[in-house]
Amino acid sequence: MTNRSISPARPALLPWAVLIAILAVLVGASVGIMADAPYNDDFAYLTSVRWLHEAGVLKFTNWQYMTLVTQTALGGLWTFFFGYSVHALRILTLVIWAVGTVALVQALRSDNWVKTLILLSAAALSPMALVLATSFMTDIYYWALIIVAMTLFASGLETDRRAVLIASWVVLFLAVFVRQVALPVAVAFVIADLLKNGFSRSVLVRSVLPLALIALAYALSVKLAAATIGLPRDFTDSTAAISHMLRDLMMLKLGALRPFFNACILTSVYVGLFFIPLFLAGLVGMIRLPYPRLTAAGTIALGALLFVCLALLVKQPLPSAGNLINLYGLGPRSDWRELGSSVPPVWWAVTVLASLSGAFLVTAILCEIASILLTGGWRALRGQWRPLMFLVAAVLGNAPLMVGYAAWFDRHLLALLAMLGIGCLSLLRFAPVSAPRTAVPVVPALLGILLSILLLHDFGAWQRATLQGYAALQAHGIAASQVDGGFEISNHVLHAAARADQPAPDVLHLEVRSRPCQVTDLETTRAGGAIAGIVPIERWLPIGPAAVSYRCGEFTGPDVPRAAAVAH
């Protein structure tokens with residue numbers, strides 16, 4: 001086996017940074033397509049920034065059971081200079097996305113442009129990433145801060161520069177105050193330091209002490225917030241629920257093991273879906289696998305197991321129609337039975353390919369680690385502390401979300417995709433190959449980026465059309481509470497009406513259940529001159545032999561609507 005370089009070649013970062021800046025401008029141009037209104041859950045985060053900007057009051061809605069201090073502070077600082085608007089805060093998110101994307105390239109540190117392209121297509125330029133980059137959701141802020149923190153820590157640990165290490169812990173501190181799951185990610189910092197330098201007093205000072213101080217600061221901040229501005233009611237409930245599930249999981253209780261097992265299956269297939277170009281690169285021999293036959297056998301066996309378990313778990317191919325259009329965890333979560341449509345064969349092919357891709361990723365990583373241990377021993381494995389840090393962080397940072405949410409919110413996988421991609425691509429060695437072979441992973445990656453831009457445009461048009469549909473309902477005297485228009489309508493109303501001098505809106509009891517795709521028509525029925533019901537018609541992208549339209553339901557007052565799906 002060829003000796004590995006502990007310090008990989010540094011890529012030319014400037015060309016990638018320029019390309020990312022150009023992409024950010026192009027993506028930012030799509031913001032004009034959207035209505036100046038919240039997407040979905042970000043209405044709650046936007047509301048906190050608006051309260052801070054207009055009244056100088058820091059408080060949260062009941063939807064915000066995460067601390068979100070960092071995101072609210074960044075939003076308040078941005079609006080101080082540029083004024084408050086949803087579009088202005090979308091531009092802020094886009095800037096944060098650009099910083100995180102440059103950090104991705106720097107973290108990979110590969111002079112192989114195919115590796116970099118695969119990573120960007122999966123973790124920064126996917127439909128999920130681009131739509132979130134034009135919102136005010138927490139995902140991009142957490143994703144960017146955690147990648148910047150890990151990149152700085154790896155650089156500081158390698159060069160032994162104290163200022164860089166301190167900067168990494170400061171950025172991690174900011175990430176914790178976006179999502180608490182940054183705390184288990186910080187454990188990977190300690191493990192990386194131990195792998196590189198062994199146990200010593202300097203490790204305690206450099207890694208263990210900062211982790212303890214950040215954990216203490218977070219715990220004290222929760223107490224302080226509860227005693228001053230007050231925390232949302234759901235904060236304690238949600239945090240306690242995940243803590244109990246983690247405790248049950250460690251005690252191997254079946255009630256926690258089953259959802260965790262289901263989450264592992266879903267997560268593996270989702271990750272495989274995003275890393276199909278990497279799987280194709282291995283398929284055509286672009287990757288120097290230490291045990292190619294073992295990797296192939298493991299990929300087939302594990303891929304078949306994932307596919308069978310998935311079929312038993314959700315009884316349909318993944319992704320479903322809603323998941324394809326909404327990889328970012330927003331919008332409809334419909335399945336084929338609700339749509340009243342037969343499953344196109346292409347979806348089974350996509351599911352099989354995603355299962356094999358996820359299996360290949362796991363098998364290739366395990367075989368590579370085994371090869372390092374068998375050929376160079378523990379000392380050689382310690383030399384790979386950098387990719388191992390990202391892989392450990394991917395597992396530790398995603399475990400609480402897998403227990404609490406499984407993979408239902410696939411947008412929560414954004415940070416996992418970044419950390420897993422950096423770790424895996426840093427370990428795997430690409431062989432120089434001919435142009436035809438290079439095209440096999442590159443073409444799907446580029447097509448995926450093109451699809452991302454098209455879906456971003458479609459999502460922006462859908463969001464504007466949804467609110468236009470709501471305005472049409474208002475003209476007919478239909479209240480938002482009577483419309484099965486989803487979070488997009490009800491949260492827009494709450495965001496517009498919420499005032500800093502009023503109690504925070506209790507959104508937990510005001511949400512409606514289903515979510516639209518794009519309102520293109522409104523059917524109304526009248527009885528005695530009065531409106532008796534209304535049916536918003538949504539447009540789906542062509543996903544099979546024929547386009548599918550989805551009727552939200554018929555409404556006759558404030559009752560919860562009955563969903564009905566029909567195929568046209």
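Cβ from N, Cα, C; glycine included.
Automated prediction, rather than curation, is the source of TrEMBL annotations.
Feature annotations, reproduced from TrEMBL:
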type: TRANSMEM; residues: 12-35; note: transmembrane segment
type: TRANSMEM; residues: 91-108; note: transmembrane segment
type: TRANSMEM; residues: 114-133; note: transmembrane segment
type: TRANSMEM; residues: 140-157; note: transmembrane segment
type: TRANSMEM; residues: 163-191; note: transmembrane segment
type: TRANSMEM; residues: 260-287; note: transmembrane segment
type: TRANSMEM; residues: 294-314; note: transmembrane segment
type: TRANSMEM; residues: 346-376; note: transmembrane segment
type: TRANSMEM; residues: 388-407; note: transmembrane segment
type: TRANSMEM; residues: 413-431; note: transmembrane segment
type: TRANSMEM; residues: 438-456; note: transmembrane segment
Long-range Cβ neighbours of the transmembrane segment (91-108) (under 8 Å; 6 or more residues past either end): 11, 13, 16-17, 20-21, 24, 27-28, 31, 74-75, 78, 82, 115-116, 119-120, 123-124, 129, 132-137, 140-141, 143-145, 147-148, 150-151, 154, 390, 418, 421-422, 425-426
Long-range Cβ neighbours of the transmembrane segment (438-456) (under 8 Å; 6 or more residues past either end): 26-27, 30, 114, 117-118, 120-121, 125-127, 129-131, 134, 276-278, 280-281, 283-284, 286, 325
Ranked first among 12-35, 114-133, 163-191, 346-376 for CB pairs under 8 angstroms with the transmembrane segment (140-157): 163-191
For the transmembrane segment (346-376), distant same-chain residues with Cβ under 8 A (at least six beyond the ends): 1, 4, 268-273, 275-276, 278-279, 282, 287, 289-291, 294-295, 298-307, 310, 317-320, 383-384, 391, 420, 423-424, 427-428
